[in-house]
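Each remark here refers to the structure printed beneath this line.
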């Protein structure tokens, strides 16, 4: 325990200061003898067989001191119910038989075993008592025996007239049959072995003892001329060596068990350790076989009864929880026992300071503030330190016998909803503070949602694009682009382009001859303009009219070869007219009549 001491505070060098000191106090808890001894492995059952020898151990009971810190020595004793047939070892708890099983007078014995702690002088001795059931098991080792008027008899004779009435009882026979075995071992069948259909024996099935009656079945067959003597046996087919049955077990779960060869009693292997928490049920097959090799099988199911051998366990010995006003927090302990009530856990608050702040649900482990505390201010008024961090000692206790318990330290940080509402992220972190896996799960769920939405959008986009990319009939539309505003750079480029094209048609005049005769035959022929470059190829259109490049014709005058050439001049009316017309045509078609797809 950490103890903090603080003074009332004061001023030091002009400042308010508070001095404190901290120390650690270690508390050692010592066990006190206040718990009675408890038996382990109840209920107790034992079996005695006819071949069990006097002095043999039947079973063993086990008890321990409930105060496990400093356990006392314990002694065992038989209280009543043994009738002198059994005794117990006072230190080991082993119960043994003192008589021959044939001398026992009862089939079932109910013993009461008492265990007593060896307490120091002057201290009361703690005690506990448990019932023990011992059953005397009969062996099928007595064959049925026939008795006459004078005792056991194996031959009976009778004289009678021929052709007696059908259904008549043979009055001269007084036969009794008896099996001294007990229970199912004393059950046997009767039948006549001899000529068939003449007599019938009653009863055909016997339990322990019965009077044997023989009845006429076929009167015509009882004929003196045919047979003067008829011999039959009253025979039990299950007696003698032919009635001996041997048992065996096999199957996946049989390796942990043994079966008595003649009685069929099933035991556990000496080395087997059966745990109901690991495997609560076993099944295997048992085979019963006689001397002739005839056999029958049956399936055996064994269910283990759970023993309370596991205490409840908290996940951590020190737990931290965050409580919002009006909302409970929950603790949980796990009991690994297999069955109820051994694995049912009850919760309680064993220590809290002050003690009037919290309540707990004993079944669910939910802890909440008492109804009188509705605000943080009310909590602050309870403790001088005005602290909202509380420490509780909680206990988890199972409902088994004996009962086990465990404790844990719970630290609770208390806040209110207003504080959480200021920051949603802080609220989320506080709520998942006690369960980090919850935060991981929320984040994983959010990421999975985002991924799923992204996949859906991508899939939809893919199929839409795939559908829109299908091959459709070619359809082209020619649109006339509106005339753009004139630009200086484009006009200059067009002029340059036109000028370059026009230079191909530049005409050079031949200087006039001296005789001023220009009517030579050569000058009378009109020159042809060179072919224009091919126009850009465009797709055929059905909606717009096609245009063609106009042709221009003019007359050319050959240049004489005997005179030196003169500089190019644009002064000729024919040249000027031809070049001007070509420029206008190229500029008009290039700027205004260009087609766009």
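Backbone N, Cα and C define each Cβ position, glycine as well.
Looking at 389-413, 414-438, 439-463, the range annotated in TrEMBL as transmembrane segment turns out to be 439-463.
Under DSSP, the residues of the domain 'Cadherin' (326-426) split into helix, strand and coil as follows: 15 helix, 40 strand, 46 coil.
In the predicted model, the domain 'Cadherin' (1-39) shows an average pLDDT of 86. The DSSP breakdown of the domain 'Cadherin' (229-314), given as helix, strand and coil counts, is 7 helix, 34 strand, 45 coil.
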